[in-house]
Structures are given as C-alpha cells and as structure tokens.
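J.: So TrEMBL lists these for the protein:
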- 39-56: transmembrane segment (TRANSMEM)
- 84-128: domain 'Homeobox' (DOMAIN)
- 86-129: DNA-binding region (DNA_BIND)
- 131-332: domain 'TLC' (DOMAIN)
- 140-160: transmembrane segment (TRANSMEM)
- 180-199: transmembrane segment (TRANSMEM)
- 260-280: transmembrane segment (TRANSMEM)
- 300-328: transmembrane segment (TRANSMEM)
- 341-387: region 'Disordered' (REGION)
Amino acid sequence: MWSSFNEWFWQEKLWLPPNSSWVALEDRDGLVYPHPRDVLAALPLALALVAMRFTFERFIGLPLSRWLGVRDQARRPAKSNATLEKYFLTEGCKPKEPQMAFLAAQCGLTLQQTRRWFRRRRNQDRPCLSKKFCEASWRFVFYLCSFFGGLSVLYHESWLWTPVMCWDNYPDQPLKPGLYYWYLLELSFYISLLITLHLDVKRKDFKEQVAHHFVTITLIVFSYSANLLRIGSLVLLLHDASDYLLEACKIFNYTRWRKACDTLFIVFSLVFFYTRLVLFPTQILYTTYYESIASSGPFFGYYFFNGLLMMLQLLHVFWSCLILRMIYSFTKKGQMEKDVRSDVEEADSSDGDVAQESLPLKNGAAPTDGPRSRAAGRLANGHAPAT
C-alpha cells in the first residue's frame, strides 16, 4: 500500500512540466540536482534553531532588554476563585454584562470586583514586555542575516535581476551549494516557528500567521522538490527584505525610542508596500503565471504552486490593511502608539469602576448601580441572565 501511494505521489506529471522526468534530475558529470529527500535535513536543523533561540533570548536578549531600560509592568495576580477560573478557561475571558452580573452573584462578589478579577486574569496571560523584546530580537537577527546572506548568494545570478531567467532550461538547472544551504536554513527557521508556536506572543493576526507559516513551508518543500529554487529564492528574498525592518521597529517600540521607531516604521511601510504589493504581483506572480509555461503547457505543479503564491498575496493584502490603519493613526496623532495586532494591557481599575466606587452613599445605603447592582440582586433572587 505504501509503495503504491509513493509511486502515485511522485508521478512526474504532478511535479514536473510535460516531457520532463526525474531521471533528468539525477546527479551526473559533477552536477548536483535537488532531491526531495534533502529537505529531511531541515528537521534536526529546526531543533537546533529552537535551542539557539532559547540560548539567545536567555543570555543575550534578556540582558540587552534590561540594559536598554525595558521594564515589565507590575501586575496584581487575580485571587484564586474556582468558579471564575472555570468560566475563564471554558467559556471565554470577556463575559458580557448579564453573565458578569450572574457570576458576581454566584461568587458573592460585587460587579466591580468581578470585572477587576477578569482584567487581572487576562493580564496574567499577556506576555510581558521583556518576552516581546527577546522574541523580536531573535527574529531581527535571523531575518537580517537571512536577507543579506540570501542577497550575497543571489547577487551575481541573472534571475535576480531578470525573473524570466528562472525558466531558462527548466527543470535542468543544477543546484549550487550556497543556494542549497540558504534554502535549507529558511525551511528550518519556519519549521522552528511552528515548533515554538505555543510559546510565542499571540497577536490578533495569529491565525493568519499560522496560515502563512504552513503556506511558506509547503512552498519551500514543493519548490525544492520540483527544482523551482530560482523563483522560490526570489520569493524568500522579497519577504526577508521587510521582515527584519518590522522586528527592528518592534525593538525600538519596546525600548520607547519613539523617534527611531516612527522613522523606521515609515521605512518598513514603504519597503513592505513596494515588495509585497508591487514587486511580488508584477514580477513574481507574472512570471509564474505566464512566462513559466511559455515553452511548455501547464501541469498540476503549475496550478498548485501558483495557488500557494496567491494565498501569500491575499495575506499581503490583509497585512497591508493593518499597516494602513497604523499609518492613519500615525498621521492623526503624530507618533506610533502600538501595534494594532497586539493586545493592550488593561489597567487594574477602569475609569468606569473608579467612578462607580467613588459615588457617595446616601442615608447609609449603597448607590443604585454600586457594589451590589440591581442586576446582580435580581440574579441573586433566582432570575436567569438575559441571553
């Protein structure tokens, strides 16, 4: 059964253009070609990158954050409450007002105390500033080295400046050592991101990030196996061109170097828009859709590869909209306030709670919407919360 599946999966018509065969990609006469089994080397290398990351964050990132004045905000832990904790873990971290009142009555707490408990509990799960700094520092170092390393590998290659050369004599294109090591490193890094996904800072675009990682890994593996390394290397280089700028911008934001952060954010935005919304569709997508089949007809790999590239482009548009929101905020307020993808740490007491608790008592009685609100009172008398 496995041999039948293996034979079907590696059919030449799925991976290679018409009239091409795997035999033509066998090593010969001192020429080396990519083989699908080569990508397995990325697995141990990914584990090595995870170990390198933890070492970097512990012995370089964390001391650097303290030296640059990054301080974690003091947080008051939420008091132990089994009922509220169960609701937080099973139902959600932001109950609506009727449910909040019901929980307050159930636990014998005031409405304000229950709100405060949920705020403190949410803050407990938010990553501290030093963790964000360490994560951004590691990614900055990798993306910076990867971009300039990739640029040095591709600088003298004709297809960097003329993408149509990616299809010159395809698929009979020997593999160069520098391109192999760079490609393998990129694949290992994105696999390491999946391994540490549960430990990373979760932002509002978490699902899109996960989708991006899976699409990228699939693209790298498929392009390597089908000897599409030339066009694949251009895709990787375009992405790395703005990624290290984004991480540098985060670092300056965490250290509160506002002018540097604002300036770098503008530079990042320009590079991102140019590489992802101009170069990617006009150079990458154009050559893969039209020029790639100029000398041969379309095949399954053609549709599969272009489908993945289109998924990347949709993600580019999504993130461009987020960047435009940040630019609007920047032009309106004169400085970058926060990453719109990030959760903001909540104050221990909201303005509403402070106002509620400062209301004066009249004739020794609690105010109407005070510690024991009318809603909580009704719920305490056996009424079910509104749905």
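Placement of Cβ uses the backbone N, Cα and C atoms for every residue, glycine included.
Describe the structural surroundings of these features, if you would.
T.: If you average pLDDT over the DNA-binding region (86-129) in this model, you get 83.
With a threshold of 8 Å between CB atoms, the same-chain residues lying at least 6 positions outside the transmembrane segment (300-328) that come near it are 13-17, 205, 208, 211-212, 215-216, 218-219, 222-223, 226, 228, 235, 265, 269, 272-273, 276-277, 280-281, 284-285, 288-289, 292-293, 336, 339-341.
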J.: Please list the DSSP helix, strand and coil residue counts for the DNA-binding region (86-129).
T.: 32 helix, 0 strand, 12 coil
